[in-house]
Amino acid sequence: MKHYEVEIRDAKTREKLCFLDKVEPQATISEIKTLFTKTHPQWYPARQSLRLDPKGKSLKDEDVLQKLPVGTTATLYFRDLGAQISWVTVFLTEYAGPLFIYLLFYFRVPFIYGRKYDFTSSRHTVVHLACMCHSFHYIKRLLETLFVHRFSHGTMPLRNIFKNCTYYWGFAAWMAYYINHPLYTPPTYGVQQVKLALAIFVICQLGNFSIHMALRDLRPAGSKTRKIPYPTKNPFTWLFLLVSCPNYTYEVGSWIGFAIMTQCVPVALFSLVGFTQMTIWAKGKHRSYLKEFRDYPPLRMPIIPFLL
């Protein structure tokens with residue numbers, strides 16, 4: 001069997017960093033990263049980006065050396081992705097924060113609304129209902145992170161956790177401050193508005209969970225294989241007939257319901273910002289599906305049926 005020689009150079013300086021001799025033809029990029037780490041332990045595999053061209057795209061971990069457009073002496077270019085952190089840790093941190101922060105305002109701990117309101121309770125039923133809905137939402141997210149989601153990428157840059165937490169934690173504090181404020185005014189149309197909003201919220205939360213379960217069943221544990229998601233017998237998954245990312249559709253719907261329930265401007269703004277970001281993600285996933293699968297259903301839109 002003919003072995004390969006792999007030379008790894010810095011993508012910026014072109015400096016030679018490592019020379020690997022007698023590499024198996026069936027070796028994957030993941031295995032090459034592990035070999036590279038032995039000579040440069042400060043760059044663990046998750047921190048490495050290897051590519052065929054200094055300005056090219058990163059090679060996938062599952063790419064096999066002999067299937068790449070290289071000779072028996074291959075040159076790969078290395079870029080440092082920076083310190084990495086697992087997606088599970090990021091999500092748990094992102095979602096635990098809003099859950100805890102919101103409850104601080106709900107229980108009116110000292111130094112928030114003034115001494116006379118310390119640990120007092122709102123007289124409005126909608127305030128207590130909003131707390132239950134908000135808490136349920138983030139507890140659901142935490143449990144899904146631990147037991148449902150399967151991540152195609154194991155890590156993300158450490159710096160992103162600060163940006164993400166600022167977004168989630170900041171908005172949670174902002175909306176919680178107004179919803180739990182002693183001077184909070186209930187929705188204009190009273191109980192009927194709250195009931196309608198609660199129905200929207202519950203339906204969308206069930207829908208979101210159903211989509212996450214369907215996506216989980218689509219990818220075997222430990223696998224990175226992608227398949228076209230289709231509706232199942234669960235009616236909540238039928239939205240797959242019309243959109244590529246119904247989990248985002250239901251997520252936006254949940255926050256719209258919460259905004260109607262609380263009639264609170266910060267919640268409406270959070271819904272708008274979230275919708276904008278999820279639309280970007282949905283369009284990206286939709287393009288990936290179209291590129292990867294020639295038989296992808298043509299009727300589907302990224303996030304909103306027939307529109308967007």
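In case you wondered, yes, glycine gets a Cβ from its N, Cα and C as well.
Note that the structure is predicted; figures quoted are calculated from it, not measured.
Helix, strand and coil counts under DSSP for the topological domain 'Cytoplasmic' (1-86) come to 17 helix, 32 strand, 37 coil. Look at Swiss-Prot and you will find 1-86 (among others) tagged as topological domain 'Cytoplasmic'.
Residues or ranges marked as N6-acetyllysine by Swiss-Prot on the basis of similarity to another entry: LYS22 (among others). The Cβ of LYS22 (N6-acetyllysine) has 8 other Cβ atoms within 10 Å, all protein chains considered.
Annotation for SER58 (phosphoserine): same-chain Cβ neighbours under 8 Å, separated by at least 6 residues, are SER49, LEU50, ARG51, ARG79. What Swiss-Prot records for SER58 is phosphoserine.
Non-local neighbourhood of LYS60 (N6-acetyllysine): ILE29, each in the same chain, at least six residues away, with C-beta under 8 Å from its C-beta. Among the features that Swiss-Prot reports, N6-acetyllysine is placed at LYS60 (among others).
Annotated transmembrane segment per Swiss-Prot: 87-106 (among others), in sequence order.
For 107-124 (among others), the entry in Swiss-Prot reads topological domain 'Lumenal', with the evidence type similarity to another entry. Remote same-chain residues near the topological domain 'Lumenal' (107-124) are listed as 177, 180-182, 184, 186 (criterion: CB distance under 8 Å, separation of at least six residues from the stretch ends).
The transmembrane segment annotation in Swiss-Prot covers 125-147 (among others).
Here the topological domain 'Cytoplasmic' (148-158) has Cβ contacts under 8 Å with residues 46, 81-88, 90-91, 212-213, 216, 219, 221, 223-224, 226 of the same chain, all six or more residues outside its ends. Residues annotated as topological domain 'Cytoplasmic' in Swiss-Prot: 148-158 (among others).
What Swiss-Prot lists as transmembrane segment is 159-180 (among others). A Cβ distance under 8 Å defines the sequence-distant neighbours of the transmembrane segment (159-180), meaning residues of its chain 6+ beyond its ends; these are 82-83, 85, 89-90, 93-95, 97-98, 101-102, 104-106, 108, 112, 122, 127, 130-131, 134, 262, 264-267, 269-270, 273.
Summarising the annotation, Swiss-Prot assigns topological domain 'Lumenal' to 181-189 (among others) and lists similarity to another entry as the type of evidence. Counting residue by residue with DSSP, the topological domain 'Lumenal' (181-189) contains 0 helix, 0 strand, 9 coil.
The transmembrane segment feature in Swiss-Prot is assigned to 190-216 (among others).
Look at Swiss-Prot and you will find 217-245 (among others) tagged as topological domain 'Cytoplasmic'. The average pLDDT for the topological domain 'Cytoplasmic' (217-245) in the predicted structure is 89.
Here Swiss-Prot flags 246-262 (among others) as transmembrane segment.
Summarising the annotation, Swiss-Prot assigns transmembrane segment to 265-292 (among others).
If you look up Swiss-Prot, you'll see 293-308 (among others) marked as topological domain 'Cytoplasmic'. Here the topological domain 'Cytoplasmic' (293-308) is broken down by DSSP into helix, strand and coil counts: 0 helix, 1 strand, 15 coil.
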Checking 87-106, 125-147, 246-262, 265-292 against the transmembrane segment (190-216) for Cβ pairs under 8 Å, the most are found for 246-262
Long-range CB partners for the topological domain 'Cytoplasmic' (293-308) (under 8 A, at least six residues beyond its ends), listed in sequence order, are 228, 239-245, 248-249, 252, 278-279, 282-283, 285-286
Under 8 Å Cβ-Cβ from the transmembrane segment (125-147), and at least six residues away from its ends along the same chain, one finds 88, 91-92, 95-96, 98-99, 102-103, 106, 172, 176, 179-180, 184, 186-187, 194, 198, 201, 205, 209, 212, 254, 258, 261-262
